[in-house]
Amino acid sequence: MAAAAGSCARVAAWGGKLRRGLAVSRQAVRSPGPLAAAVAGAALAGAGAAWHHSRVSVAARDGSFTVSAQKNVEHGIIYIGKPSLRKQRFMQFSSLEHEGEYYMTPRDFLFSVMFEQMERKTSVKKLTKKDIEDTLSGIQTAGCGSTFFRDLGDKGLISYTEYLFLLTILTKPHSGFHVAFKMLDTDGNEMIEKREFFKLQKIISKQDDLMTVKTNETGYQEAIVKEPEINTTLQMRFFGKRGQRKLHYKEFRRFMENLQTEIQEMEFLQFSKGLSFMRKEDFAEWLLFFTNTENKDIYWKNVREKLSAGESISLDEFKSFCHFTTHLEDFAIAMQMFSLAHRPVRLAEFKRAVKVATGQELSNNILDTVFKIFDLDGDECLSHEEFLGVLKNRMHRGLWVPQHQSIQEYWKCVKKESIKGVKEVWKQAGKGLF
């Protein structure tokens, strides 16, 4: 009860800021789009539209970014040819640069997760060493809860590798991170040092980035892993200013949970227009925001004809659904049983599959909404394959490229890279594996 009350209080507080900032944001930004106008002013604690001016010209959904196709080096990974979709998106939203490397602020990261594109943006700011120290000065005093990125605002640096790492936290279950964490924990105390964390970050980030690239588009080579020459937000958050602290898995798990909660609360506020509840139409808009399937018009027809006006979804229901979306691979395996048996997926079967995949249940309110939206034939059955595609696009913010890689193959790659990382750690420590 206390936790729920706290969440409601946070939503109410941010909702108040959002509503007070709407007038300011609408005056400052010319034609920002219905969702950008709703949040750009106050939901990000003073993210005024003066922050937006021209720099990058971006096509909305076709991926034609004006990022030059060239050789790119980012903390040890060399990209040859056209950058990946995630790299393009990172360049679109990043606002800081130091010695040829681009960085996001915490506010940039939140915008990149919430919005499809940045319509107007200031010029990239070139940082000196003194600027970097000033930018990172607020991290030590910032709270470590579910408002961490909002509280920091522009006071922080996020590298491309860290950007990929944070996105993976939003789209994958915690279990895989725990496995990779333990693989790099050579002492068995569930604590890792800074250099080991870099390897964990590289392992996860590399796999996620490769999954957003079509094999005939981009060539990748991996250079020797090297530590960044400057501190970043995550480094100082986990290891302190001098990098001498150790990171315990429990602390890292709390960070993952808080990050997921923060993004969920931000997106809830964005699509509920700052209210403490989300209309079912708003939920459908959130669900279909990054979708370009040929059946999108049918989905919206279902929303208009099948969802009753005045019905809403609570923040807790929304969070439960977001938790479910981090287990899509496991859920897809459960759905394959119905495909192989040529059986339609009805509400009871869907509810059971969710419980098996996540260990939790979705409310009947959410399930009823999902079924009404994705019932293409009017037979009260779910078109689950396209439903999964819509959800994957939603969670990957429109950058998902369909793969033939299963979750087992994904974590097999992670395990392989983890073993390589372990060998390097032991080699540096002057120890043998056995």
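From the backbone N, Cα and C atoms, a Cβ is placed for every residue, glycine too.
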From the candidates SER175, SER205, SER272, SER314, the one which Swiss-Prot records as phosphoserine: SER205
Shell of the Ca(2+) 1 site beyond ASP185, ASP187, ASN189, MET191, GLU193, GLU196, same chain only (C-beta within 8 angstroms of their C-beta centre): LEU184, THR186, GLY188, GLU190, ILE192, LYS246
Mean of pLDDT values spanning the domain 'EF-hand 4' (362-397): 86
SER205 (phosphoserine) and ASP377 (Ca(2+) 2 binding site), Cα-Cα, nearest whole angstrom: 39
Pairwise CA distance, ASP185 (Ca(2+) 1 binding site) versus SER205 (phosphoserine), rounded so that it is a whole Å: 18
Nearest of the binding-site residues (ASP375, ASP379, CYS381, GLU386) to MET191 (Ca(2+) 1 binding site), judged by Cα-Cα distance: GLU386
Residues near ASP375 (Ca(2+) 2 binding site) in space but at least six apart in sequence (CB under 8 A): ASN302, LYS306, CYS381, LEU382, SER383
For ASP377 (Ca(2+) 2 binding site), the three-state class that DSSP assigns: coil
